[in-house]
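S.K.: Quick paste of what TrEMBL says about this protein:
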TRANSMEM  32-56  transmembrane segment
DOMAIN    46-293  domain 'G-protein coupled receptors family 1 profile'
TRANSMEM  63-82  transmembrane segment
TRANSMEM  102-124  transmembrane segment
TRANSMEM  144-165  transmembrane segment
TRANSMEM  201-229  transmembrane segment
TRANSMEM  241-264  transmembrane segment
TRANSMEM  276-295  transmembrane segment
Amino acid sequence: LILGRMAVGNSSSVKEFILLGLTQEPELQLPLFFLFLGIYVVSVMGNLGLIVLIVLNPPLHTPMYYFLFNLSFTDLCYSTVITPRMLVGFVKQNTISHAECMTQLFFFCFFVIDECYILTAMAYDRYAAICKPLLYQVTMSHQVCLLMTVGMYVMGLVGAIAHIVCMLRLTFCEGHIINHYMCDIPPLLKLSCTSTYINELVVFIVVGVNVIVPTLTIFITYTLILSNILSIHSAEGRSKAFSTCGSHVIAVSLFFGAAAFMYLKPSSASVDEEKLSTIFYTIVGPMLNPFIYSIRNKDVHIALRKTLKKSMFT
């Protein structure tokens, strides 16, 4: 409601936009529709399934799975913010009002920034479990986890508000066609006929803080974890530690790699490259994360078997 009122009050002469979508090739529209519909269905089922599994199984009520619960919730939310609107563009002209566009951008920024800090919190949790096992219960207490969660969502809220406030001050009179499948900051700035200097500065600061700080934190954390793992004499212990961290490293690399290319990319990068990188962390990542974190996870396998047995005998 607040975003809607702000959008109405904006002096923009453009009241609606047309999203060009992923591609303009007619013969690709239907195959891509079914491809991304399938990805979205798998993403929703995977993330929702992991959320339900964690809630229903007390053995998974630990800090590690608490943050995984938040990751699945965030992935579910921001893929839902992006993908359904993208699917519309494959079957008809994808028109979106100014208010809807700003709303989508707000929630996209909010959930993406949240994910940056959730992945950081998960890295810190692995550091505490592997490097400080005797202090783990104190280091990752319920109060600490709750405080970290509040911090994550506050950072997402602050970043999203900063982007939206700056975006609502712009006047769009350079056309109303967005060369993208979603309302993202770079393509919107290209349509502005007023100065975008402040917006670009905010993007540099917000993205810099919310990508570079978590990336450095995760890098330092995993350097300490690796050092600790190499000092473990037991081959079984080293293997268990590596398997615990491996899935998280894959998820972090996929998410931060694509996000960094999108917002800290060279100016020579094409629009198609921008779209492709965005797909990886807005659509593909949320689909893969439930599988990345559960395929080799014995705790999840045990919990799944117990849940299926209960459902079969009730």
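Cβ from N, Cα, C; glycine included.
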S.K.: What stretch in 32-56, 63-82, 102-124, 201-229 has the biggest tally of Cβ pairs under 8 Å against the transmembrane segment (276-295)?
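M.R.: Ranking 32-56, 63-82, 102-124, 201-229 by Cβ pairs under 8 Å to the transmembrane segment (276-295) puts 32-56 first.
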S.K.: State the residues, same chain only, that lie 6 or more residues beyond the ends of the transmembrane segment (201-229) and have a CB under 8 A from a CB inside it; answer 'none' if no residue qualifies.
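M.R.: Result: 113, 116-117, 119-120, 123-124, 126-127, 130-131, 155, 159, 162-163, 166, 185, 238, 241-242, 245, 249, 252, 256, 259-260, 263-264.
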S.K.: Could you tell me the mean pLDDT the prediction assigns to the domain 'G-protein coupled receptors family 1 profile' (46-293)?
M.R.: 88
